[in-house]
Amino acid sequence: MPQARGEGATPPTSLPNPSLKGVPLPDNPNNLEPLTREWLAAIGEDPDREGLQRTPQRVAKAWAYMTEGYGQTLAQVVGEGVFAAEGSEMVIVKDIEFYSMCEHHMLPFYGRAHVAYIPGTRILGLSKFARIVDLYSRRLQVQERITTQVADAVEELLAPKGVAVLMEGIHLCMAMRGVQKQNSSTTTSAMRGLFRSDPRTRAEFMSAVQGTLRGR
């Protein structure tokens, strides 16, 4: 597999400027503090008791981090990490950990993402794949959408011959409430270009990641 060159290098001037946009965060994330106090009172807690006095501040800080993807763009997280291709073989980045918040119950889901592409004229610094996954995971999300957004981003950046994204997640909204199935996991995929049209290419990718899938 070809390796991306050092990320400090200057990318070719002909590369497009990525245009996927983020959503600005509120001017004052601390607005979450009074809302958290109200929420604590609504569930029957005393927000002024010793163990909860600083909880609104902690919650506001935690949610600012867990949703920082809203305030970022694809161009910002990739920076100068796109380079001219030096090969055309499949590149696979496996076992990218992700953490996100379910938009339906605002409970966490987490797991691993595997991203592959077949270069055209451009390649991407390997660490940027993790940054792209974080960009879309750190929002209120569903796993299906993250999978599609990561594939869309790689396509926009590189115009490759093919892109594959496979994500496997454990959803606490399913494990700790509702049906309460702690051993269940969800797998989603997005296949583009050669990964969709050529069964051999798709099989090569699936074979490479098979051993990392949960329960395999």
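All positions are counted from 1 along the displayed chain.
Cβ coordinates come from backbone N, Cα and C, glycine included.
Features reported for this protein in Swiss-Prot:
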BINDING   CYS102, HIS105, CYS173  Zn(2+) binding site
COMPBIAS  24-33  compositional bias 'Low complexity'
REGION    1-33  region 'Disordered'
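Cβ environment of CYS173 (Zn(2+) binding site): CYS102, HIS104, HIS105, LEU107, PHE109 lie under 8 Å away, each six or more residues apart in the same chain.
The number of other CB atoms found within 10 A of the CB of CYS102 (Zn(2+) binding site), across every protein chain shown, is 18. Shown in sequence order, MET101, GLU103, HIS104, MET106, LEU107, PHE109, HIS171, LEU172, MET174, ARG177 are the same-chain residues outside CYS102, HIS105, CYS173 whose Cβ sits within 8 Å of the Cβ centre of the Zn(2+) site. Other Cβ atoms within 10 Å of the Cβ of HIS105 (Zn(2+) binding site) number 15 in total over all chains.
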